[in-house]
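Undergrad: Sharing a structure below in structure tokens format, with a few things to ask.
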Amino acid sequence: MAETPNSDMSGATGGRSKRPKSNQDWWPSKLNLEILDQNARDVGPVEDDFDYAEEFQKLDLEAVKSDLEELMTSSQDWWPADYGHYGPLFIRMAWHSAGTYRTADGRGGAAGGRQRFAPINSWPDNANLDKARRLLLPIKQKYGQKISWADLMILAGNVAIESMGFKTFGYAGGREDAFEEDKAVNWGPEDEFETQERFDEPGEIQEGLGASVMGLIYVNPEGPDGNPDPEASAKNIRQTFDRMAMNDKETAALIAGGHTFGKVHGADDPEENLGPEPEAAPIEQQGLGWQNKNGNSKGGEMITSGIEGPWTQSPTEWDMGYINNLLDYEWEPEKGPGGAWQWAPKSEELKNSVPDAHDPDEKQTPMMLTTDIALKRDPDYREVMETFQENPMEFGMNFAKAWYKLTHRDMGPPERFLGPEVPDEEMIWQDPLPDADYDLIGDEEIAELKEEILDSDLSVSQLVKTAWASASTYRDSDKRGGANGARLRLEPQKNWEVNEPEQLETVLGTLENIQTEFNDSRSDGTQVSLADLIVLGGNAAVEQAAANAGYDVEIPFEPGRVDAGPEHTDAPSFDALKPKVDGVRNYIQDDITRPAEEVLVDNADLLNLTASELTALIGGMRSIGANYQDTDLGVFTDEPETLTNDFFVNLLDMGTEWEPAADSEHRYKGLDRDTGEVKWEATRIDLIFGSNDRLRAISEVYGSADAEKKLVHDFVDTWSKVMKLDRFDLE
């Protein structure tokens, strides 16, 4: 669904003085903690006790859909609807809202409604979607906080499809709005839109990125580097869609289904005729961009991508027109009126076969994009397309399910899906969980089980590491991972290097024995899941470490986690959650391409941590000695498994001088300044808490003589927070 005018990333300065340099400008390699600040503040005008899920449940969804359906054919003079129907515009808006999602870190996607903010609102691929959102504004104002922009944009896409004759698979609300861009997202290394510096030598897009070009949702619709090469385009399509967890069948269904509707706009060259994007537009345009320099930006003069024309003879009806046109006719490349490469039919039969979008006396000829021809030229995609052509019902079902997946992929498990149109069928990509068909343990059983766990042969550090391994897979970006489900015991997690598989097998075996013995002993229907037992064991161990330091703490525990099975788990998809760096366990892979401390902060953001919470967490874990392979790296204490502030006291000690270790770029030796003897060993992750100015300021608080009790309580609070991040059933 590409519409891509040329643009750069510069904004109009209006003759004002240059922007003052930030610290990041002065010191580009300085560790940027700004992404954690997002987790420490509320920037929107929303009350502290506002519950969006509760408000959405009060919404009359049918009334909203009725208003949307009326809007579809209520063409506005300031932005007339193609063919008298806004449906294709709203499909593109919804697609481009959701289509930024990538599996690598779970960021992007429809959550937050971040298409409203830079840079996404000004990407060339999103040209004129500002108009779509303005068309929706009266409906958003009418229903207020009962429906978020994030939910409304996806709902508008669904209603658009339904209003043109297709039955969607379902719709779920529950996406809360953000009020700023997500500063944690790495959109790529380029300095200008529609450029690409993200491919390595074998042609693979850099790890973590989704799109192949800066400022585009997926790929260049003209073909790679603007060359009309369908075979090369197919490779880019497959790679980019794979990075949002779409296989060939889903990809083909989405493209074919989406391109069944509407047209692209290229009445003239966008580079010569369009004004600046919203972020660079003058203030009087009030956030609207891409104005036609010749004065007419709408109707038949509309310019978006520079590619011009419809795909089918019935652009506002669901039919087989796209697939039939693509497969049954031959196509040849040509430069369209906007100067971009597109494909024209060789057959006279298709010429002038489509009504004009605005002038009833005119006719247009269907066109195809290079990315469309790719579905015909690539043998695997073609096989799928031919199957769809022979089986229209299969095509429809595949499009319906792929559209549902596209627009809901970042919402997390099924219990977060709200509203009357949520399908009964749970999808494997939702990481579903079984229901608990037993009574949950109470306070008496919790105390009994904690005592039994601590009386076992398992150490404090083993229990802490296991609970952390289970819970820390959580990603707040797409709500995947976490301790619920106990997927730590399943493939692939049980064999991840960071989880020390042999030791993990021992720990889980002991916990499973305790679980079996407890469950078999109960005749009252009370049972405990392994998922709960893993977290309970970690809590008990942290409480023991605090007791070893003289502090009596009790970590709140709410049972209710369940154990998922292989049938609930798409094992390959969980590899995206495997950490290359787990700073909390001081695990660093040798082949990482970014400084370990950057990955530490990135992971902390996915856990929704602040800089202070991260600091307390690291200090506490080091004092406990909960390191990968039980190394002494960063364990600046003579009393491991004791929750103290020794890590900070010794990190800040000026009697220690640090130097890089000879055997690893990630390791350092702490030498006694007087004797030269090695006192400690550490990683970059440890030393960043004394090097970075902000982290050092926090460390100095925790390293004070009166701060140990504060550290213990802050660590316990942060630990408890992480253990419950995926407990959506408690919300």
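Including glycine, each Cβ sits where the backbone N, Cα and C put it.
In case it's useful when we look at the structure, here is the feature table from Swiss-Prot:
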type	residues	note
REGION	1-26	region 'Disordered'
COMPBIAS	1-10	compositional bias 'Polar residues'
SITE	R92	site 'Transition state stabilizer'
ACT_SITE	H96	active site, proton acceptor
BINDING	H259	heme b binding site
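Mind running through what each feature is packed against?
TA: Under DSSP, R92 (site 'Transition state stabilizer') is assigned to a helix (H, G or I) in the three-state scheme.
The local packing around H96 (active site, proton acceptor), expressed as other Cβ atoms within 10 Å of its Cβ over all shown chains, amounts to 25.
In the three-state DSSP classification, H259 (heme b binding site) falls within coil.
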Undergrad: H96 (active site, proton acceptor) to H259 (heme b binding site): how many Å between their Cα atoms?
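TA: Just about 14 Å between their Cα atoms.
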Undergrad: Write down the Cα-Cα distance for H259 (heme b binding site) and R92 (site 'Transition state stabilizer'), rounded and given in Å.
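TA: Between the Cα atoms of R92 (site 'Transition state stabilizer') and H259 (heme b binding site), the distance comes to 10 Å.
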Undergrad: Can you count the other CB atoms that lie within 10 A of the CB of H259 (heme b binding site)?
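TA: H259 (heme b binding site) is surrounded by 28 other Cβ atoms within 10 Å.
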Undergrad: Around the C-beta of R92 (site 'Transition state stabilizer'), how many further C-beta atoms are within 10 angstroms, looking at every protein chain?
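TA: Here the count is 27.
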